[in-house]
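Enquirer: What TrEMBL records for this protein is below:
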BINDING   Gly16, Ser17, Gly18, Lys19, Gly20, Thr21, Arg137, Val146, Tyr147, Ser210  GTP binding site
REGION    37-66  region 'NMPbind'
BINDING   Ser38, Arg43, Gln64, Leu65, Leu66, Gly95, Phe96, Pro97, Arg98, Gln102, Arg170, Arg181  AMP binding site
REGION    136-173  region 'LID'
DOMAIN    137-172  domain 'Adenylate kinase active site lid'
Amino acid sequence: MSVLRPLRLLLLGAPGSGKGTQTSKLLKEFGSIKAISSGDLLRKQIEHGTPLGLSASSYIEKGQLLPDDLITGVVCDELKSRGWLNPNATWLLDGFPRTVGQAEVLDKSLLEHDASLNLVVELDVPHEVILERIENRYVHVPSGRVYNLQYNPPKVDGKDDITGEPLTKRPDDTAEVFGKRLEQYNKTVTPLKEHYLKQGILSTISGNTSDIIYPKLVSLILQKFAN
Ligand code: ATP
Ligand code: MG
């Protein structure tokens, strides 16, 4: 499938709401869509032991957000180096912007290149469902692929389906840190949604599973961007 008009999508949602899973599914189905996940970017830096990774991990371990100027620098540099600050580019963002401050910086960077976000989708999943998911979640850090031992297990125990490399548990997926991340999310999401509501680009999709949410997301995208 393909989109006809450039799509610049932000996926919003509580930690564990399935942003990464929806992203993987979209990339598989729509060849023209590419993605940046701020969390994946940071986890790669941590794995490589870079200075950025070191300072990021001190926040991530505690379930705190990175300061706005640090994360906006990282993601905007990445957008620029990929040539995505461009009105013809089609892409999606997962996990950034997370605050109104970040959203304003992104808006400005895009506007300087005659571009803007044109769709923001909030994934609305009940909290009890999310909490249950997190305990069973494993990730393949190099690709950002996410597995769930219950709903979406790897073909071989503990190994990534594509590369066969080991899967790991995110250190911030413990009950204690996860609680803080959820709290942080609930605090920042309301003003952020307000910001995009004013721009007229916010939609919400509700559901208990990724399989319920995904087709709704695809029809929303097709309805707005394929005709
Ligand atoms: P999930 O991946 O389960 O949806 P999440 O959205 O909390 O959960 P990530 O997006 O992977 O997780 O982010 C992990 C951590 O990285 C955050 O808790 C935060 O410390 C840091 N981080 C990622 N994106 C941002 C951002 N836009 N602003 C500030 N910190 C960020
Ligand atoms: Mg994620």
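Every residue gets a Cβ built from N, Cα and C, even glycine.
Walk me through where these features lie, including what they touch and how far apart they are.
Expert: On its own chain, Gly16 (GTP binding site) has Val125, Ile130, Leu131, Arg133, Ile134, Arg137, Phe178 as residues at least 6 apart in sequence with a Cβ closer than 8 Å to its own Cβ.
In this model, the region 'NMPbind' (37-66) carries an average pLDDT of 95.
For the recorded site, Ser38 (AMP binding site), the DSSP three-state label reads helix. Neighbours of Ser38 (AMP binding site), defined as other CB atoms within 10 A of its CB across all chains, total 21.
Taking DSSP states H, G and I as helix and E and B as strand, the region 'LID' (136-173) has 3 helix, 12 strand, 23 coil.
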Enquirer: Report the nearest neighbour of Phe96 (AMP binding site) in space among the binding-site residues Gly18, Gly20, Tyr147, comparing Cα positions.
Expert: Gly20
Enquirer: So which residues does the region 'NMPbind' (37-66) touch in its own chain, when a touch means Cβ under 8 Å and the partner is 6 or more beyond its ends?
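Expert: Apart from its flanks, the region 'NMPbind' (37-66) reaches 19-20, 23, 74-75, 78, 93-96, 98-99, 139, 141-142, 144, 170-172, 176-181, 184, 188.
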Enquirer: Under DSSP, is Leu66 (AMP binding site) part of a helix or a strand, or is it coil?
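Expert: Assignment for Leu66 (AMP binding site) reads coil.
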Enquirer: Going by DSSP, is Gly20 (GTP binding site) sitting in a helix, a strand, or coil?
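Expert: Its secondary structure by DSSP: helix.
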Enquirer: At its widest, how many Å does the recorded GTP site span between Cα atoms of Gly16, Ser17, Gly18, Lys19, Gly20, Thr21, Arg137, Val146, Tyr147, Ser210?
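Expert: This binding site's residues have a maximal Cα-Cα distance of 14 Å.
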Enquirer: Identify which of the following binding-site residues, namely Gly16, Ser38, Leu66, Arg137, Arg170, place a Cβ less than 6 Å away from any atom of ligand 2, and list them by sequence position.
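Expert: Checking each Cβ against ligand 2, none of them comes under 6 Å.
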